[in-house]
Amino acid sequence: MRYAYFPGCKIPHHLPEYGSSVEAVCAALGIELVKLEFNCCGWPVRHENELASIFSAVRNFAIAEEAGLHILTPCKCCFGNLKYAVSRLEEDRKLALLVGSLLARDGLAMPRSMHVSHLLTILDEQVGVEILQRHAATPLTGVKVACHYGCHALRPGNVTGFDDPLAPTLFERIIRALGAETVDWDLRLECCGHPLRGRDDVISDALMRKKLEGAASAGADVIATACTYCQLQFDKERDLLPVNAALRQAPPAVLVTQLIGTALGLDSGAVGMDKNNIPWHAPIL
Amino acid sequence: MHFFDFGLSIASVICVAGVARRIALWWRPTTKPVSDPRPRPILSAVKALVLDVLLLARTVRTGPLRWLAHCLVFFGFMGLLLFHALDETVTVSFFPAYESTLDPWQFLRNLFAAMTLAGLGLMIYRRLAVRRLRAVTRTQDWAIVLAVGCIILSGVFLEMSKIISPAAYQRMADEYFYSDNGQEVTALKAFWAHEYGVVFSRRLPSDAATLEMGAELNEDNCAACHADTRSAFLSRSLATALAPLSPAMNTSRADTVFWYFHMIFCFIGLAALPFAKFFHPLSTPANMIARQGRRDGDAESPLAQRMGMDACTRCGECSVRCSVAPSFSVLGNPDILPSEKLASLRRFWSDGSLAGRPLADFAQGSRICTECLRCTDVCPSGINLQDLWMRSKKEVARRSPDPNGAVRLMRPSQRVVSFEDCNIVPPISGLADNAESYWACVQCTTCTSVCPVVAVCEDPSTDLDLTPQQIMNLLRMGLKDQTLGARMVWSCTTCYKCQEHCPQNIRVADVLYELRNTAAARMGCGDRAGIDGESQ
């Protein structure tokens with residue numbers, strides 16, 4: 001298993017623990033990550049200029065194709081935008097020509113095929129639940145996990161093809177393989193609110209609160225995230241609330257690779273659990 | 001010499017005053033909170049001095065060609081500066097027997113010059129060959145290459161003109177060669193003409209006996225202070241190449257002319273040191289030592305930030321590798337690229353002269369940046385660009401709001417009508433304008449009832465202006481302009497639930513994206529109109 005690793009823009013500075021834990025988990029499970037110099041996936045600029053967004057996305061596919069690799073990303077927003085660009089090129093011939101001419105100016109060719117997978121898909125389809133179970137040296141027995149899916153991977157389902165957009169099961173399968181329990185959580189498919197950060201902080205906070213309260217009332221110990229932005233919202237942004245805010249007591253957010261890394265017994269420095277602002281410790285049995 | 005003393009004094013005064021002013025600006029009082037970067041051991045500053053400043057370790061990572069080019073110029077020019085320009089201070093104190101006309105100095109001078117010229121050549125090649133670098137190259141980038149190149153070339157021409165000059169020969173002969181014997185005088189001249197390349201106006205004998213006698217006289221009177229000019233390989237080759245012009249150069253005293261040229265270029269270089277990119281030989285090492293080899297984007301003190309802003313060499317490496325550079329390819333706004341944005345940030349913070357269109361462009365560059373840390377990681381000068389972007393973003397957005405901020409600043413009545421008299425469309429559009437997009441819409445309100453944003457609003461009609469289903473209704477009636485300012489359009493969290501759940505497969509979320517694109521494009525057109533109005 002060899003993939004072009006697409007961490008996205010936010011990991012290097014804002015969430016380095018996701019990057020280090022992804023690399024550690026992939027190394028432990030035999031997934032080789034090749035680091036190419038990608039550019040932004042184009043999602044952030046889509047609010048302002050869709051052509052810039054799609055060109056950014058397709059340029060990454062061109063870079064991956066030059067290396068003969070498929071893209072693997074741990075970020076749902078990067079995944080969603082890369083997928084969206086593929087669907088737009090397929091339906092709009094004129095747009096494809098325009099993007100092709102922009103690529104040519106950078107000395108790149110229009111990629112013949114464009115493949116991107118989210119990390120969860122690779123863990124589920126390529127690694128498999130059995131291998132995960134077998135590698136889980138310290139299973140997360142008794143931990144109740146609320147799986148947070150992340151909008152941009154899930155919807156629109158016909159574009160992303162990630163899982164059943166109305167009743168997905170992929171995330172839970174992986175978490176259960178680690179020995180943890182998954183809780184039945186009504187809001188697991190809802191938005192974390194991060195896309196509105198800086199645009200409408202009131203609604204962003206309201207969406208975050210609703211989700212965290214929902215996870216707490218579902219009886220979860222932790223919320224598992226598999227997206228850079230979701231984790232930033234539930235951890236770093238939540239930490240900006242007043243020190244006495246009740247929401248701090250809601251289940252902490254933990255990256256899926258941190259949970260896997262803990263179950264696999266990987267080096268704690270790479271897993272980076274101590275870098276989370278709202279702390280969580282795996283129970284010691 | 002009057003000219004020399006006068007020129008040097010003027011250039012030195014400009015240089016010292018300018019450098020003092022720029023360094024003083026680093027300590028300007030600040031209203032921004034002073035943060036405490038983590039203290040680091042002094043040893044890492046020494047390490048940075050050796051690795052980053054002397055060995056250009058940061059430049060290595062940006063490619064072997066760039067490193068080679070910079071090393072050639074750096075070591076070549078520093079060699080000339082220390083052992084040639086400052087020879088009476090530096091060279092003499094280390095090597096008391098120093099004579100500029102002896103080897104290895106004569107040879108080294110040419111070697112250093114050749115290194116510098118080769119380095120400059122590579123730099124010019126790179127600036128022309130890398131497309132994005134060419135796009136960000138400004139006058140000052142060519143100016144510094146030209147200034148250094150002129151200093152070196154005028155020096156080579158000066159040495160060449162001295163080699164061929166009979167006047168220069170006569171000056172040396174008068175001082176060191178005491179002889180009344182006409183045969184000896186001719187023999188030495190013949191030797192110098194034949195071996196050392198002096199071009200006399202009169203033809204001199206070149207028979208073996210005369211030359212042998214000349215060689216002996218040279219050995220006795222000259223060799224202790226003057227080496228064979230062949231070791232000055234650049235100047236001597238140039239003299240050979242320009243041989244047909246030699247008599248003319250000698251009659252017009254080219255050696256004096258080139259001396260003036262060389263001095264004037266050196267004075268210009270010295271006086272230009274405190275300005276623009278010419279300052280980087282001082283500010284960049286200072287910044288690298290202050291950064292102590294770090295590559296992170298942690299918060300810095302205002303002093304370190306200002307030092308960093310001055311340390312930019314405009315090498316363009318950040319812009320070549322910027323994560324959001326594809327947006328520059330589409331939008332054409334240079335301020336999206338870090339090296340250009342840094343220049344605008346300097347203006348934004350220092351004199352407040354940034355306004356109108358340049359401010360709007362800078363604000364767009366500022367918000368399109370995704371804070372991916374790459375520019376900071378690759379910067380060969382070790383500038384903490386990440387911290388500069390993060391620190392300035394909020395302030396920039398306040399002075400020049402993004403489309404979202406601008407819409408939110410409008411009064412409700414403005415939000416409905418603001419976009420009516422402008423027909424600019426974004427590069428990708430058609431979904432919102434196409435009646436087919438909504439033919440199937442039956443106004444079932446599913447989009448509104450599944451919307452998480454509507455769900456968390458106490459009163460959607462006052463908080464959001466319109467609900468998703470109302471927007472779709474206006475659009476299918478062709479009333480697009482009236483939806484562009486609706487806060488629902490801007491508060492859409494892009495979760496795609498509306499689109500996923502729509503029983504009629506209307507692309508609700510994609511339409512909302514397009515509406516934001518349209519409004520953004522139209523606001524750009526409004527700005528331009530404003531600037532035109534100002535200039536009239």
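Placement of Cβ uses the backbone N, Cα and C atoms for every residue, glycine included.
Bear in mind that TrEMBL entries carry predicted annotations, made automatically and left uncurated.
Annotation source TrEMBL lists transmembrane segment at B:67-86, B:106-128, B:140-158, B:257-279. If you look up TrEMBL, you'll see B:356-388, B:441-461 marked as domain '4Fe-4S ferredoxin-type'.
Through the fold, the domain '4Fe-4S ferredoxin-type' (B:441-461) approaches residues 467-470, 472-473, 476, 488, 491-493, 495, 497-499, 501-504, 506, 508 of its own chain, all at least 6 residues removed from its boundaries and within a Cβ separation under 8 Å.
The domain '4Fe-4S ferredoxin-type' (B:441-461): residue composition by secondary structure is 12 helix, 0 strand, 9 coil, according to DSSP. Through the fold, the transmembrane segment (B:257-279) approaches residues 3-4, 7-8, 10-12, 14-15, 17-19, 21-22, 85, 140-141, 143-144, 147-148, 150-151, 154-155, 157-158, 160-161, 310, 312-314 of its own chain, all at least 6 residues removed from its boundaries and within a Cβ separation under 8 Å. Sequence-distant neighbours of the transmembrane segment (B:106-128) (same chain, 6+ residues past either end, Cβ-Cβ under 8 Å): 65-66, 68-77, 79-80, 83-84, 100, 134, 137, 141, 145, 148-149, 152-153, 155-156, 159, 227, 229, 231-235, 316. With helix defined as DSSP H, G or I and strand as E or B, the domain '4Fe-4S ferredoxin-type' (B:356-388) counts 22 helix, 0 strand, 11 coil.
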